[in-house]
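Here's the structure, in structure tokens; my notes come after.
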Amino acid sequence: MRSEILASAFLGLAVRSIISLYSYSGFDSPPMHGDYEAQRHWQEITVNLAVGEWYTNSSNNDLQYWGLDYPPLTAYHSYLVGRIGASIDPRFVELHKSRGFESKEHKRFMRATVVSADVLIYLPAILLLAYSLDKTFRSDDKLFLFTLVAAYPGQTLIDNGHFQYNNISLGFAAVAIAAILRRRFYAAAFLFTLALNYKQMELYHSLPFFAFLLGECVSQKSFGSFVAQLSRIAAVVLTTFAILWLPWLGSLQAALQVLHRLFPVARGVFEDKVANVWCAVNVVWKLKKHISNDQMALVCIACTLIASLPTNVLLFRRRTNVGFLLALFNTSLAFFLFSFQVHEKTILLAALPALFLLKCWPNEMILFLEVTVFSMLPLLARDELLVPAVVATVAFHLIFKCFDSKSKLSNEYLLKYIEPISHILMISIVVASLTVPAPTKYPDLWPLIISVTSCGHFLLFFLWGNVQQFSSKLS
């Protein structure tokens with residue numbers, strides 16, 4: 001079995017290495033470049049400035065130029081990577097002078113840092129999660145799940161292609177999920193707090209963790225046991241937060257400045273053509289003309305909480321492993337569809353639990369995962385990653401076909417009608433977008449069609465997931 005695991009891991013690394021050879025976000029695109037430059041710039045800032053200046057606007061830290069807008073653990077990671085980069089070539093992170101720095105050596109270094117995170121965090125995390133699933137899963141099933149997750153093109157295209165470090169936050173989240181499945185609640189609280197402090201988008205997973213852990217506390221036999229367990233979990237979370245936020249806790253203004261950077265309401269409800277409800281609504285009713293940012297933020301919070309409430313109330317009352325994964329799936333989809341300031345890449349947060357629901361609902365989940373990649377095509381096309389995206393998705397589908405996709409839980413109506421229609425629709429849109437130029441009057445026509453089509457799929461999957469949560473025996 002060890003040789004098979006190693007073979008699957010090397011397959012995942014091979015896919016990542018090949019994708020790393022392609023272009024990245026903002027390549028040769030001054031003055032702002034893209035996410036690659038943002039990550040490099042954070043290394044420059046954290047290496048050269050004092051900790052207290054990392055989130056503060058100054059002559060040495062222009063927040064309008066890729067100012068740091070992720071939590072402290074990301075900043076610490078940037079500092080570590082920046083120190084290593086500076087030891088290789090100081091030009092990589094030279095203050096001011098390194099802005100927009102690009103070279104073959106630097107690209108190799110940056111790509112290596114992402115692959116290192118895959119090797120050290122993400123791949124071990126998903127392996128642990130795969131082998132933490134229900135005992136009814138055979139070893140072959142768990143190995144196959146690990147292979148599929150390692151080969152999932154969404155995460156590899158964004159991290160190893162576009163350029164980000166989602167593998168770190170998703171890795172922490174995966175180990176936290178594994179800890180919940182193994183009923184190791186203090187470890188789960190600690191690891192999820194790390195994930196949340198690496199990327200604030202892990203809020204997408206926060207409600208199921210809260211509902212599950214609170215439900216476990218409430219189910220204690222006595223009030224004293226309830227208070228003791230709740231206090232210990234709270235102590236783990238608060239202590240971890242305090243340690244990570246320590247440099248900014250000496251001043252309320254400093255702490256609020258970090259929070260302001262993490263939740264920039266002024267940016268608006270969305271920036272690009274993202275596959276959520278608000279972008280789709282904006283096609284026919286311009287939100288920014290009728291609703292202020294502050295009002296829209298409140299609307300988004302209300303809609304997200306309402307959409308997330310049923311699945312988490314049920315999880316609080318009935319805590320099972322599959323029910324927890326379904327709650328993560330449903331809640332992250334609710335956040336993606338209805339929350340404020342959503343990015344295309346955050347669909348990866350819904351993809352994580354979907355990957356581990358493949359054994360229960362293989363055909364439904366493989367379609368969902370293919371739609372997640374389809375929804376990011378405009379972003380990937382801008383980065384000249386369309387070819388690896390198509391090839392990696394086809395390869396992912398072929399690997400899946402090696403798996404026995406029969407499941408008593410699969411919905412025959414969905415498989416018989418919706419699946420072929422969805423595939424034909426997505427393939428037709430991709431082909432048309434490559435062969436039929438968008439009208440001059442509507443230059444964003446194809447990205448908009450892709451986002452609205454994907455949004456329709458995600459809404460259907462959100463409804464489907466909630467139905468399964470309430471009706472499936474496994475949940």
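The chain as shown is numbered from 1 upward.
Quick reminder: no glycine exception, Cβ is built from N, Cα and C everywhere.
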Looking at 164-182, 202-220, 259-277, which one is transmembrane segment according to TrEMBL? 164-182
According to TrEMBL, which listed range is transmembrane segment: 349-370, 415-436? 415-436
Count the CB pairs under 8 A between the transmembrane segment (164-182) and each of 229-249, 322-340, 448-467, then give me the winner. 322-340
